[in-house]
Amino acid sequence: MSDSKEPRAQPLGLLEEEELITSSMNFFPRDFGFRQTRGYKSLAGCLGHAPLVLPLLFFTLFTGLLVAILVQVSKNPSSQRLDQSKQDEISQDLSQLKAAVERLCRPCPWEWTFFQGNCYFISNSQRNWHDSITACQEVGAQLVVIKSAEEQNFLQLQSSRSNRFAWMGLSDLNQEDMWQWVDDSPLSTSFKQYWNRGEPNNIGEEDCVEFNGNGWNDDKCSAAKFWICKKSAASCSRDEGQLLSSASASPIAHAA
């Protein structure tokens with residue numbers, strides 16, 4: 001073990017302390033406001049109490065940060081009230097728009113499809129042919145009667161897309177092989193091309209007609225199938241069109 005003792009640090013003299021402070025001042029930016037030629041003695045006193053200065057500095061910064069947070073929090077209720085007021089205003093506009101839309105004249109009811117001045121509805125449930133007629137009558141419509149090749153192509157496409165075999169308003173219940181629509185009009189000769197190959201075959205008293213695949217098929221009227229209703233589209237007045245324009249413009253103006 002060595003008997004030598006570590007040298008103890010000698011306290012700085014006044015001149016040495018001033019030189020140390022003066023040389024240290026070169027590390028401070030000028031923006032801090034410190035000058036080497038003035039006030040270095042007071043700075044020496046502050047540095048001499050560094051353990052007290054740093055906590056004081058941190059406390060000041062923390063206090064300032066806390067005050068800033070409190071100010072921001074105090075502003076939140078006001079901004080929330082403004083946001084709520086804006087939301088209430090938009091909600092009121094939407095309610096007015098909804099009421100206006102409900103009063104508007106629509107060519108077809110919801111879930112109905114418009115085509116060439118008529119409205120069509122493909123059911124989601126199944127009934128026999130006679131009950132399908134009743135179902136259409138209950139909504140002011142008729143089990144579909146086809147009047148043109150364009151209408152036939154449209155309905156055949158709708159039936160195929162929905163993958164549903166659906167009743168139409170055609171049967172030979174009154175007289176075998178005398179096909180007649182529910183409005184008592186006879187089947188046009190030009191429409192016979194729409195029968196599927198080998199149809200109508202009248203196997204087992206098949207007297208009612210359905211959309212089946214890419215054409216028509218006769219089946220038992222007691223079979224449960226989907227059905228297609230048809231009714232004339234409503235005509236809308238000019239004023240109702242203007243109502244829609246004014247109602248739809250209202251929320252846009254407020255939301256801008």
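Positions of Cβ are set from backbone N, Cα and C atoms, glycine also.
Counting only same-chain residues at least 6 apart in sequence, those with a Cβ under 8 Å from the Cβ of N217 (Ca(2+) binding site) are F165, W195, N196, E199, P200, V209, E210. Annotation comment: Swiss-Prot describes E199, N201, I203, E206, N217, D218 as Ca(2+) binding site, evidence class similarity to another entry.
Neighbour density for C119 (disulfide bond): within 10 A of its CB lie 21 other CB atoms from the protein chains shown. In this structure, C119 (disulfide bond) is part of a beta strand by DSSP. Per Swiss-Prot, disulfide bond is recorded for C108-C119 (among others).
Annotated disulfide bond per Swiss-Prot: C136-C229 (among others), in sequence order. Listed in sequence order, Y120, F121, S123, A135, C136, V139, A141, Q142, L143, V144 are the same-chain residues six or more apart from C229 (disulfide bond) with CB atoms under 8 A from its CB.
Swiss-Prot lists C208-C221 (among others) with the feature disulfide bond. On its own chain, C221 (disulfide bond) has N128, W129, H130, S171, L173, D207, C208 as residues at least 6 apart in sequence with a Cβ closer than 8 Å to its own Cβ.
Residues annotated as domain 'C-type lectin' in Swiss-Prot: 114-230. Counting residue by residue with DSSP, the domain 'C-type lectin' (114-230) contains 30 helix, 36 strand, 51 coil.
Swiss-Prot lists 1-50 with the feature topological domain 'Cytoplasmic'.
The topological domain 'Extracellular' annotation in Swiss-Prot covers 72-240. Per-residue pLDDT, averaged along the topological domain 'Extracellular' (72-240), amounts to 89 for this model.
As annotated by Swiss-Prot, transmembrane segment applies to 51-71.
Taking N201, I203, E206, D218 as the binding-site residues under consideration, the smallest Cα distance to C108 (disulfide bond) is found for D218. Apart from the site residues E199, N201, I203, E206, N217, D218, the chain places the Cβ of G198, P200, N202, D219 no farther than 8 Å from the centroid of the site's Cβ atoms, the recorded Ca(2+) location. With every protein chain in view, the residue among the binding-site residues E199, D218 whose Cβ has the most Cβ partners within 10 Å turns out to be D218.
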